[in-house]
């Protein structure tokens with residue numbers, strides 16, 4: 001019996017939950033289905049495609065699923081046929097108890113887009129329970145002086161079925177004193193009353209017995225019986241009377257056990273045992289007997305089990321006051337349960353999507369529902385998430401919500417989000433429930449590789465070995481995975497004449513740059529190109545950076561003597577008058593070095609001389625001068641060897657051989673030789689020979705200069721279009737004059753040497769400038785703009 005009462009309480013709780021859910025769903029379109037209880041699992045309920053006007057293909061593509069408010073999957077949906085089937089055998093009495101009709105609420109959830117269909121399933125009752133009397137034997141003590149027509153209460157039978165299958169009528173076995181009359185109590189339940197048809201006579205018959213039968217309205221009907229035993233009591237003519245025929249009280253559901261609910265009171269005018277009143281609960285259900293207890297002597301009703309407003313909102317109790325003589329009175333007590341906020345909201349997640357791609361706005365991340373089985377403000381719910389997150393909650397049908405992205409996400413800023421969904425009711429005190437979830441953000445290729453520098457400057461010394469690692473470029477990508485893997489490549493040069501493919505190469509994986517061949521500073525001093533970095537995303541993104549390679553000079557060129565020419569022919573003879581004083585300029589050794597910087601800084605020194613101490617060479621400009629006064633004892637012919645050395649490490653050098661002839665004066669018709677007496681004819685022939693030789697050399701030199709000028713002008717015009725990467729060519733290696741002014745020639749001068757002969761006098765034409773002075777400022781500018789620039793004569797100014 002106790003198990004039956006517990007089952008009845010659970011049934012009422014479920015019924016109340018569905019009634020509340022049904023109230024919240026009012027106002028939305030609902031499709032109704034019906035099924036009889038006790039049908040086997042898998043039984044057909046209905047077809048959504050036929051009954052709801054949906055397409056089977058649509059249900060399958062949109063991932064339709066059946067969800068219920070109580071989280072129990074009593075229905076299942078066949079996606080292939082759209083049939084709605086039972087997942088388990090339904091017991092109407094377990095689900096709804098005495099509530100009729102018995103309606104279960106379901107939702108069909110479809111996604112993309114999100115849609116909810118409300119479904120009501122009515123469970124029809126079948127007559128599967130017989131009426132049962134809780135007491136198989138009833139004892140009635142009836143005074144003998146009870147008037148005809150007196151009514152005596154009998155215990156009613158309990159039938160778990162409802163409607164026509166519930167208890168319909170009561171009968172008793174044939175007797176001459178009583179008949180049965182049906183009554184309806186305040187909760188609409190039928191109960192029998194025994195009506196006295198004939199006065200009782202204690203002396204004639206002190207005890208009567210008959211069978212009470214309860215019949216339900218099923219087909220075929222079911223029945224239950226109980227034995228009624230009537231004991232005739234002698235003379236008690238006053239029945240107890242209650243002070244109130246109806247009591248009503250409101251009692252909070254969170255009241256502690258043992259609390260006094262109400263005290264009822266009745267009085268009896270009789271005395272003795274006939275005036276002693278006993279209070280009992282009459283026609284009380286199992287829930288009432290389990291929840292409340294009445295003191296038989298005082299009439300105090302106390303709480304013996306916890307109240308739950310969400311299960312039962314009110315109780316109707318019939319209190320019977322019976323005196324010692326068997327007479328009784330009755331009163332009805334209605335206990336209204338007051339709801340308190342004792343249930344926190346519940347969050348049920350239907351679907352969740354993680355990870356979600358970045359840069360995609362308004363993406364549905366989660367679909368969930370919330371509910372609170374309390375009533376009033378205690379059942380009203382507010383749902384929220386933290387304000388600093390790029391997500392938003394949107395309300396859907398009923399209590400369903402969707403969590404969506406409010407704006408495009410950026411994985412590079414935040415790769416994952418910890419989201420706390422808070423559902424808070426409006427009761428006092430407020431109760432809340434939190435649901436934590438982590439949403440991952442997947443990467444999209446939205447970031448180009450970025451070089452660590454916009455431009456790189458690399459230095460490499462000339463004459464390098466091939467495949468030499470000269471430097472690296474580096475780029476990073478904020479994306480992840482293949483979107484962040486960077487490949488490096490050489491971009492086509494802007495200068496079409498630059499052979500970039502034969503100069504450098506790049507490692508596609510790490511950006512290391514290598515020189516493919518040996519570089520020559522005198523041919524190519526600098527070049528630049530662009531390097532590209534692209535990721536492996538789809539589509540791929542790229543960026544570029546400028547790389548400038550500067551070739552460093554090495555001391556790989558020896559000084560080259562321009563004057564006097566060391567071409568293996570007869571050395572040039574310099575004429576010096578014997579009257580020359582110390583410091584007299586004999587000649588100047590002119591030399592150049594193809595290197596640059598300190599590798600091209602030249603110094604001169606006298607290596608050998610026929611007469612040591614007679615001549616000196618200035619170390620910085622190569623000028624050969626008389627060191628002391630000449631005397632008659634000095635030889636007429638002298639041979640000088642001048643060493644030209646650069647400032648490189650290790651230094652390189654060259655030598656120039658000079659022939660110096662001392663003469664008495666340039667006005668003499670001939671030059672006497674020290675070996676023999678002067679002869680006029682011999683002097684004339686020598687003079688003529690010298691003139692012819694000098695004229696030939698000068699002509700050849702002028703022709704070479706003119707040819708060189710033409711060639712340089714042509715190359716200069718072509719270099720203007722090619723850019724700064726032209727490679728100089730010409731008969732003379734590199735720079736012919738040091739720009740710093742410490743080389744062989746000054747910035748402003750070139751020299752011309754001529755020897756002329758007359759009828760009897762030889763003259764030496766001293767050095768004089770033949771090229772106008774050029775401003776150093778302009779030269780510096782030209783040199784800065786084009787490191788490989790030469791003037792049209794092949795000299796640097």
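Each residue, glycine too, has its Cβ placed from N, Cα and C.
Because the structure is a prediction, the values reported are computed rather than measured.
Taken from TrEMBL, the feature signal peptide covers 1-26. Positions annotated as domain 'Cadherin' by TrEMBL: 75-133, 134-242, 243-347, 348-451, 452-561, 576-671. Residues or ranges marked as transmembrane segment by TrEMBL: 688-711.
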Statement: Per DSSP, the domain 'Cadherin' (576-671) contains 4 helix, 43 strand, 49 coil
Statement: DSSP tally for the domain 'Cadherin' (75-133), helix/strand/coil in that order, comes to 5 helix, 29 strand, 25 coil
Field: pLDDT averaged over every residue in the domain 'Cadherin' (243-347)
entry: 89
Statement: Here the stretch out of 243-347, 348-451, 452-561, 576-671 with the most C-beta pairs under 8 Å to the domain 'Cadherin' (75-133) is 348-451
Task: Report the DSSP secondary-structure composition of the domain 'Cadherin' (348-451) as helix, strand and coil residue counts.
output: 4 helix, 53 strand, 47 coil
